[in-house]
Amino acid sequence: MGVKKNKKQKREDYRAAMKQDDVLTMPRKKFYRQRAHANPFSDHQLVYPPRPDQMDWSTLYPAYVAPPEESQQLEAAPSTTEEAPSQEVSAPVKVRRLTQDVEVADIGCGFGGLLIALAPVMPQTLVLGLEIRVSVTQFVEDRIKVLRRQNEETKAYQNVSVLRANTMKFLPNFFKQGQLSKMFICFPDPHFKARKHKQRIVSTTLNSEYAYAVKPGGIVYTITDVPDLHGWMVQHFEAHPMFERVGLEEQEADPCVEIMRNATEEGKKVERNKGEKFVALFRRLEDPVF
């Protein structure tokens, strides 16, 4: 008689099985469950590039890898982690380039609903989800891998990927100035208590980082079901000199707004509970001329 497996072992076995190259069934969320939110100020043992030109995107978007002669040999640089930010490496960094840059980022992408919905809508654009939770990131990775296998002939879903990252700390490490045309902030943690407001994903400091990564004319999309948080995000973006709020008519004409309202798991939950969704878009203004 075999030993009965506990829940942790079942999860580990299931995830290991999902790593097989011939899996064509979509992953099941119950094997990837994790706390709804993570403390962005905790150490998460994350690895990140010292600067954007040292980010190797090739494993995330293999269909977009540039020819080998376009790879770049960089000088030796620190191996950067949250635990050992100054650990030295001696070998040069070989970066395999893509034929194009990532242009769309979903901050705190959750289980990837928005990513999957955007993939066929903007098939020529590279879309990246950033998620801090380990298990949730792995779910999205497995989900995308299965979708790619299911659509090998059409090459669908090659333009979307996910990366485990803490954007509150390391967004400028991944994106160069003006790289993004769209950024989504969907149903972020509201952090209701006043002492926790510093953990909100929208703030004066973070908005400056968003202004750095988003190109002039680019759009930051926000949505929440919490009125107080909606007011907070509107207040902080409108107060920032590099953003202006998009008018209601233009907002509702943007096809990404409808996708954002209905594609995310949180958005579907709000819909089931007959809740209200609050949307606001903000345009990145042109850089001032001195």
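Count begins at 1; order follows the chain as displayed.
Glycine is treated like the rest: Cβ placed from N, Cα and C.
Look at TrEMBL and you will find 1-20 (among others) tagged as region 'Disordered'.
The feature compositional bias 'Basic and acidic residues' is assigned by TrEMBL to 10-20.
Here TrEMBL flags 70-89 as compositional bias 'Polar residues'.
Feature annotation from TrEMBL assigns region 'Disordered' to 70-92 (among others).
Per TrEMBL, S-adenosyl-L-methionine binding site is recorded for Gly108, Glu131, Ile132, Asn166, Thr167, Cys186, Thr264, Glu265, Glu266. Same-chain residues at least 6 positions away in sequence with a Cβ under 8 Å from that of Thr167 (S-adenosyl-L-methionine binding site) are, in sequence order, Ile107, Gly108, Leu130, Ile132, Ile201.
The Cβ of Asp189 (active site) has 18 other Cβ atoms within 10 Å, all protein chains considered. Annotated active site per TrEMBL: Asp189, in sequence order.
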Validating a neighbour-count step here. Other CB atoms within 10 A of the CB of Ile132 (S-adenosyl-L-methionine binding site): how many?
21
Let me make sure I understand the structure: which of the binding-site residues listed (Gly108, Thr264, Glu266) has the fewest other Cβ atoms within 10 A of its Cβ?
Glu266
Largest separation between Cα atoms (Å) of residues that the record links to S-adenosyl-L-methionine, namely Gly108, Glu131, Ile132, Asn166, Thr167, Cys186, Thr264, Glu265, Glu266:
20
